[in-house]
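Here's what TrEMBL has on this protein:
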COMPBIAS  28-37  compositional bias 'Basic and acidic residues'
REGION    28-69  region 'Disordered'
COMPBIAS  46-63  compositional bias 'Basic and acidic residues'
TRANSMEM  98-120  transmembrane segment
DOMAIN    98-529  domain 'Major facilitator superfamily (MFS) profile'
TRANSMEM  140-158  transmembrane segment
TRANSMEM  170-192  transmembrane segment
TRANSMEM  198-219  transmembrane segment
TRANSMEM  226-245  transmembrane segment
TRANSMEM  251-272  transmembrane segment
TRANSMEM  335-359  transmembrane segment
TRANSMEM  379-399  transmembrane segment
TRANSMEM  406-427  transmembrane segment
TRANSMEM  439-463  transmembrane segment
TRANSMEM  475-494  transmembrane segment
TRANSMEM  506-525  transmembrane segment
Amino acid sequence: MKITESYSPENRRWVEEDKACLETDHCLPVSNDEHNSETGLQQHGRVKESSVAKEPPKCDDQKPSLTDPYFVGGHEQEKRTLAEIVSVSTTRGVFHQLLLTSAVLLLAAACGMPIGYSAVLLPQLYDANESLAIDIEMGSWIASVHSLATPIGSFASGPIMDRWGRRPALLLAIVPLFSGWVLLATATSHFLLLLGRVVAGISVGLIAAPAQVLLAEIAEPRLRGALIGAPFVSYSLGILLVYALGSQFHWRAVAWAGTVLPLLSFIALFFAPESPVWLARNEQPARAFKALTWLRGNPVPAKQELHKLTERFEAEQQENNGRPSRLWRSLTETAIVKPLIIINAFHVLQILSGTYLVVFYAVDIISDLGGSDINSIQAAVLTAIVRLAFTFLYCFLLLMMPRRTMVALSGLGSGVSCVAIAAFMYVRAGEPKTQLDTYVAAVLILVYIGANTGFMTMPGIMIGELLPAKIRGQIAGYLFTIFNLLLFGVAKGFPYAKTALKTQGLFLMFGFASFGATLLLYLLLPETKGRTLHDIEDYFRQRNWLWMNRKHVGKGSIAGSEEGAPLESKE
C-alpha cells in the first residue's frame, strides 16, 4: 500500500512535497516495533536498519529544491534536522492542540476558584446573623487549610501520572474537586467547611503537575511556551470569576457554581488523547502514533516524532541494561541535577520576590502605602483583573520573544518597581498621608503585579520544558510539593516579617530577590523557544553550566542558535 492512499487531500499534498526525500534510503527510519502488526503501520520504500548507534535521520544527497521543505527559506541552506521536522503541524493539527489545551484551561480555571473562595466566604461568615458564623481563629483556619492540603495532592500526583498516564491523573483529580464544592455548598458545620476546603486543596495539588506536563508533551516547539503558560490565564480568570460571583451571590450559591467547570472539564478530557510521550515510553506505539497523528494533523511528522521518542527510550533502557529507571539513581545524573537546581533556586527567589505574597496581602499592603480605607472586594477584583490581563499578555510574549528576554524584562521591571515603592515609603515616612499617596501607591503596586506576573508563569514552563522525559512525570509532583510548602511557610511568616522589616523593608527584599532571580536565569537558563524537548535534554547532557558558554551555531537567530536547532555547548 502506498503511503498516500489512505490520507486526506491535505495530508496527500504534504506527503507529495516530501516524496523525493521519503523515497530515499535514510530519510524515514523506523524502529523494530513498526514491524509488529499491532502498530498497524507499514513502511514506505526501503528502510535500512543498523545494529550500531543510530545516526539522526537525514536524506541522501540531493540537489536542493526551492519547494523542498527540508530547506529553510526557499534557497540552498543547511538541511533541517529531525528536531525541526517534527515541529511541523498542519492547521488541523494546531487546532487539535488548541482544543486539548482548552480542556486543560477549563480545569485550570476550576482550580483558581477555590483559591479565591476564602475572600468570598469569610466576609459573609463573619456576619453574626449567618447560621455558620465564625470568629477570627476559625476564619484563619478556613483560609489557610487549603494551602496546607495542596502539597498532599502535589506529592501524590507524580506517581499517579507516571503509573496511569497524564489524562487519567487529571480525570481522577477532578473527582475530589467536584466533591469539595458539594461539601462546601451543603456544609452544616465548621468541620464540613474545613473538610470541603481540604478536599478541594488536595485536588488542586493533584491537577497542577499533570496539567503542565501534558501540555508540554502534546505541544509542538513553536507553540509550547504559549500553551504551557495559558493555564495561568485561566487560573487568574478562575480567581476573578469567584470574586465576581461572591460580590453578587450567597457563598452557598457560589459553591454550587463551582461545580460547573469541573464537570465540563471532565467531559472534555474524557474524549482527549493521552500524552504520546507517556504512551511511547510505556510500549504502546499504536496509541502513541494515533495520538501524534491527531495532534500534528499528519501521519508523516507523527511517524518521525514517534521514531525519535522510541529511539530515545530504547537508548535509556540500554543504559540501564533493560531495567526500569530508578528515580533516586537518576537524580545523580548531571543532566537532571542542572534543571533541578535551576527550578528549585528560582522557586525560592520567586516566592521571596513577593509574587504570591502581594496577592495574598494586597489590601493590607495598599492600605500601608496609601493610608486610605480600601474596600477589600474592590481591591481583590482589581488585582485579579490586572493579574489576568498581564498573564494573557505574557502568553503572547512567549510566542513572540525568547524566554530569557521575557523573564529578564519581567524581573528587572519587578525589581525596579519594588525599589521605587520602598523609596516612596521612605520619603513619605512620618508625613501626613494624602489621597495622592493612595494613587501613587496603587499605581506602583499595579505596575509591580504586572511586571512580576512573568515570574508566575515561569515555574510551570520550566517544569514542562527542562525536566527529562524519563523523570518528568515522577519529579514534577514533588517539585510542586516543595514549592507549595515553601509558599505556605513564607506566607505564614509574612506578618512577622512585616513587623520586623516594615513594609518598605519587605519591598526592598522583594526587589533584591527579583534581581537575584533575573541574574540566576540569565546565567543558567537555556533558551528553549522553538526547541524540541529532545534538544533541551541533550543540552543539559553537556558539561557547561552557564548559558553564555554554549557553542554558537548560527547568526541572527534567537540567543545565537537557529530556532529548532539542537542546543550545543563548548567542550
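Placement of Cβ uses the backbone N, Cα and C atoms for every residue, glycine included.
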Selected stretch (most C-beta pairs under 8 A with the transmembrane segment (335-359)) from 98-120, 198-219, 226-245, 475-494: 475-494
For the transmembrane segment (439-463), sequence-distant contacts whose Cβ falls under 8 Å of one of its Cβ atoms, 6 or more beyond its ends: 208-209, 212-213, 216, 225, 228-229, 231-232, 339, 342-343, 346-347, 350, 353-356, 358-359, 362, 365-366, 369-370, 382-383, 386-387, 389-391, 394-395, 397-398, 403, 406-407, 409-411, 413-414, 416-418, 420-421, 424, 472, 476, 479-480, 483, 510, 514, 517, 521, 525
Other parts of the chain folded back onto the transmembrane segment (226-245), taken as Cβ under 8 Å at six or more residues beyond its ends: 97-98, 101, 104-106, 108-117, 119-120, 211-212, 215-216, 218-219, 253-254, 257-258, 261, 377, 380-381, 384-385, 387-388, 391-392, 394-396, 398-399, 456-457, 460-461, 464-465
Reported mean pLDDT - the domain 'Major facilitator superfamily (MFS) profile' (98-529): 84
For the transmembrane segment (251-272), distant same-chain residues with Cβ under 8 A (at least six beyond the ends): 100, 102-104, 106-107, 109-110, 113-114, 117, 120-121, 124-125, 167, 170-171, 174, 177-178, 181-182, 184-186, 196, 238, 242, 245
Distant-in-sequence neighbours of the transmembrane segment (379-399), which means Cβ under 8 A and at least six residues beyond its ends: 116, 119, 222-223, 225-226, 228-230, 232-233, 235-237, 239-240, 243-244, 247, 358-359, 362-363, 366, 406, 410, 445-446, 449-450, 453-454, 456-457, 461, 529
Sequence-remote partners of the transmembrane segment (170-192) [C-beta within less than 8 Å, at least six residues beyond its ends]: 104, 107, 110-111, 114, 117, 121, 132, 134, 138, 142, 153, 157, 160, 164, 198-204, 206-207, 210-211, 214, 251-252, 255-256, 258-259, 262-263, 265-266, 269-270
